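Worksheet: the structure to be examined is printed underneath.
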Amino acid sequence: MSGSHSNDEDDVVQVPETSSPTKVASSSPLKPTSPTVPDASVASLRSRFTFKPSDPSEGAHTSKPLPSGSPEVALVNLAREFPDFSQTLVQAVFKSNSFNLQSARERLTRLRQQRQNWTWNKNASPKKSETPPPVKKSLPLANTGRLSSIHGNINNKSSKITVAKQKTSIFDRYSNVINQKQYTFELPTNLNIDSEALSKLPVNYNKKRRLVRADQHPIGKSYESSATQLGSAREKLLANRKYGRHANDNDEEEEESMMTDDDDASGDDYTESTPQINLDEQVLQFINDSDIVDLSDLSDTTMHKAQLIASHRPYSSLNAFVNTNFNDKDTEENASNKRKRRAAASANESERLLDKITQSIRGYNAIESVIKKCSSYGDLVTSQMKKWGVQVEGDNSELDLMNLGEDDDDDNDDGNNDNNNSNNNNTAGADATSKEKEDTKAVVEGFDETSAEPTPAPAPAPVERETKRIRNTTKPKVVEDEDDDVDLEAIDDELPQSEHEDDDYEEEDEDYNDEEEDVEYDDGDDDDDDDDEFVATRKNTHVISTTSRNGRKPIVKFFKGKPRLLSPEISLKDYQQTGINWLNLLYQNKMSCILADDMGLGKTCQVISFFAYLKQINEPGPHLVVVPSSTLENWLREFQKFAPALKIEPYYGSLQEREELRDILERNAGKYDVIVTTYNLAAGNKYDVSFLKNRNFNVVVYDEGHMLKNSTSERFAKLMKIRANFRLLLTGTPLQNNLKELMSLLEFIMPNLFISKKESFDAIFKQRAKTTDDNKNHNPLLAQEAITRAKTMMKPFILRRRKDQVLKHLPPKHTHIQYCELNAIQKKIYDKEIQIVLEHKRMIKDGELPKDAKEKSKLQSSSSKNLIMALRKASLHPLLFRNIYNDKIITKMSDAILDEPAYAENGNKEYIKEDMSYMTDFELHKLCCNFPNTLSKYQLHNDEWMQSGKIDALKKLLKTIIVDKQEKVLIFSLFTQVLDILEMVLSTLDYKFLRLDGSTQVNDRQLLIDKFYEDKDIPIFILSTKAGGFGINLVCANNVIIFDQSFNPHDDRQAADRAHRVGQTKEVNITTLITKDSIEEKIHQLAKNKLALDSYISEDKKSQDVLESKVSDMLEDIIYDENSKPKGTKE
């Protein structure tokens, strides 16, 4: 990796790209798309076409005559011939000339000549001979006549550190198939292999190309000729195996029709256990007895209408309710001439209200029945946990198991009392019988970790026993031979540290979203049944039995120690050891679960340990891990570092690369343990989804599991199509008091129970989502009861440990609020924006609209969200407004820029002036820096970027942290334009820094993190809250500055946890900058009260927008109330 590099080096990428003004990623309303950016067809080949002069391998291809049909070599040749042009420009010209080498060369030659002429005659009139030739496509920067993107580095003295661009792809660096010799690991040598028995087993064909029904499977047919008991048993197993299907889009209709009976059966079986309820009586009782707010909510009507309904109580029957007129007297008097129409409407309205109430109650009944069914499965887990000495009962809705293994070593318990308060409540009571205590101790097994011998692996069963086991697949038995018995938990597990938490967001990145591929399979209902039959027999032949010979469930024992497949240097924390045992318990019971440990406690560590444990006990893969883009490479590194014996394959790359990857991974099926991919690909186009769907994964892990907390989202539907025997959701967020989220999590755990109830659930959630009255945040009694029941029932399936419980492993965290003053310029701007807010609120409240059509439209289109955003920007920095560059200046600028070659021919002064009018002072300054020959005199020359109350406070903080304490610091901001300003501030202060935001290439993000760890001379890392606020590990810094806070405090907490997590050795200080007497104080107060968080679902952008709009409305009301009275007093 390199340090600072000159800006003209083509083989160095500036990170992130948005730090260059070529990409406008800001809150400015001006967001033009530069025509220089290649379309999808070129973008998909970008990594192959990109000119890399430092790569000697490319030189060999450019010295020979260009072969026909080789645009890659042609593009490299052009780049070498014209090194004074950027790669982007060469690509754009090559494309605009239809990939014709000769035409592109001629065009670039003319551009070079034009640039030379302009350089020597920069003061000449643009109308002279140096004017570009009249080829409209030749000026991609200005062929619209408007101002395009802001280009170039605005600060030649920038102290930002850049890193060399990655030369290889993620797959090349981490693929086990590509790098088979990179890691060697000694597997257990004491395997007892019976070659004669193995020779009798059928050959397993791995190649999977199309859907073949079980009764048509060629493997199955091959057994018919064998006429052996094993062949017959195998054929029966294939016929009943649901997880072994390989869907093809040509066969989906057939599969859907064949699955219909299974779906119906599942629903019928489930309904049989649900007690019949007289729905009409329940609805009538609700109408007569319910609270007004509940009545309004379930009938999907206004509070006023609900009061009218209540005024006619009691109703003798539902028929009497339908025949009641719910119009008030004023409405009747004002519409006496329309009585007939109103009577019909009234009747229709009564029926509509009744239908809504009926649908809602039916939905809540469905929820209640599902909760009851889930409870029975929860009891199975609870009963086995009691064998460990754990009592699950209690008010807490989540498990917080800590150090269960230590409960059995009385002499080791004394030192852990402080961190085992929850354990003390969970252990068996003092009145337990001696037999119960013996049973509790009997389920804990350990082994000698100092032994050099590998953990013994189970010997293969004789063919006769294998045949018998397969014949009884529907009721699996434990193989209990004295020589072959394997204690399920007697082997062990462990893993590293580093988790990748919730980020409430999958940031907007370049995760290879190929728009032309966004056509999805219409998979029908078969996926619901295929995916989720968690009680079905596992596809692999090593399935661990859940029933012993005497018909009783075997005890899943608590094991101590780490797996032998983990690196010898790794040791597990006690709570992590407990977490792996809990995962194993749920896995053996074939029930999915949620690991919700607090952010920074090493969920990644526990997952990799669990995979190592599964391989050690011969539970085969492949497994799948779905992660946010920012954490992809970190996951791959963690696998390499902590479990080198596991064979990991990343599924990530461009469109063409992924096509090659699919072929490679299909050809090497069975040669890898885990596939790691991103959410954008797992829920992407049909090819990616189909490939992953047909891998027949054993375990699927969803990192940042909050993305699955909305069962009605498109992403949830796509991800649930990925088949798996066991699903694990990782999240650092606690359960919210939100019924929709709880039911989504339940569907994730036990999806087959939801098939017949899906419509009833959707009716409730859709109704709740569109409620617009003041009671929209109210949970009806039925909903609150369901929430309480659901949270209690889900307790066995959700494990959450908080940092305060494992504080002995983490240094303390200190949070501070640093108040900042508005400077004079900020105060003037802020007061002006306040008046706009007040006027907007007053006019809407009084129903006054301007007579001028333009002003009226402006008022109606404005929203509280936009107005509050303006106040937030004023609290941050005055350069986020156009205050310095007045109309007179931008008129001169729009005229001067026409002398630039990019705008001389097609530039339109009026269009350019209009574009400039929407830009902020900082954006206009960047534009001037970008065109120094014509606009340099308009640049800001007085360090205006240093003039802000927050910048003053930041300077003092940085001096204390960097100069006085010699420590590192992370600075987070929600806005990329603020990060641009911070770049100039830090460069002015001469602090070296790195930057990461949503536009930073995924392939380069880990390089930045590595650079920050390795280079002690780089004290600052600036990050966007959304892109850098989750998943990554930055414990080398122990100071965090939140430059601007989010509406949701969870976002800021995640950002802070980049430093306060497992691996941190110093005390962590988190400082939030808040401008006094500004909107930021109000936001902070709302955040402290955690308002609106229950409805927050970060994956669902619509829900996020609703949250921000709601908070903005509240803030506008607060501002209006605080300022209207003083204003009236003055008058």
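From the backbone N, Cα and C atoms, a Cβ is placed for every residue, glycine too.
The annotation ATP binding site is assigned in Swiss-Prot to Asp597, Asp598, Met599, Gly600, Leu601, Gly602, Lys603, Thr604. Other C-beta atoms found within 10 angstroms of the C-beta of Met599 (ATP binding site) number 25, with every protein chain shown included. In the three-state DSSP reading, Met599 (ATP binding site) counts as coil.
Per Swiss-Prot, the feature compositional bias 'Acidic residues' maps to 250-271 (among others).
Residues or ranges marked as compositional bias 'Acidic residues' by Swiss-Prot: 405-416 (among others).
The compositional bias 'Basic and acidic residues' annotation in Swiss-Prot covers 433-442.
Taken from Swiss-Prot, the feature compositional bias 'Acidic residues' applies to 480-533 (among others).
Mean pLDDT across the domain 'Helicase ATP-binding' (584-752) comes to 86 in this model. Positions annotated as domain 'Helicase ATP-binding' by Swiss-Prot, on the basis of sequence analysis: 584-752.
Taken from Swiss-Prot, the feature domain 'Helicase C-terminal' applies to 953-1108, supported by sequence analysis.
Positions annotated as region 'Disordered' by Swiss-Prot: 1-70 (among others).
The region 'CUE-like region' annotation in Swiss-Prot covers 76-111.
Taken from Swiss-Prot, the feature region 'Disordered' applies to 114-141 (among others).
The region 'Disordered' annotation in Swiss-Prot covers 242-273 (among others).
Residues annotated as region 'Disordered' in Swiss-Prot: 327-350 (among others).
Feature annotation from Swiss-Prot assigns region 'Disordered' to 400-533 (among others).
The motif 'DEGH box' annotation in Swiss-Prot covers 703-706. The DSSP breakdown of the motif 'DEGH box' (703-706), given as helix, strand and coil counts, is 2 helix, 0 strand, 2 coil.
The binding-site residues examined here are Asp598, Gly600, Gly602, Thr604; by Cβ neighbour count within 10 Å, the least packed of them is Asp598. Assigned with DSSP, the residues of the region 'CUE-like region' (76-111) fall into helix, strand and coil as follows: 27 helix, 0 strand, 9 coil.
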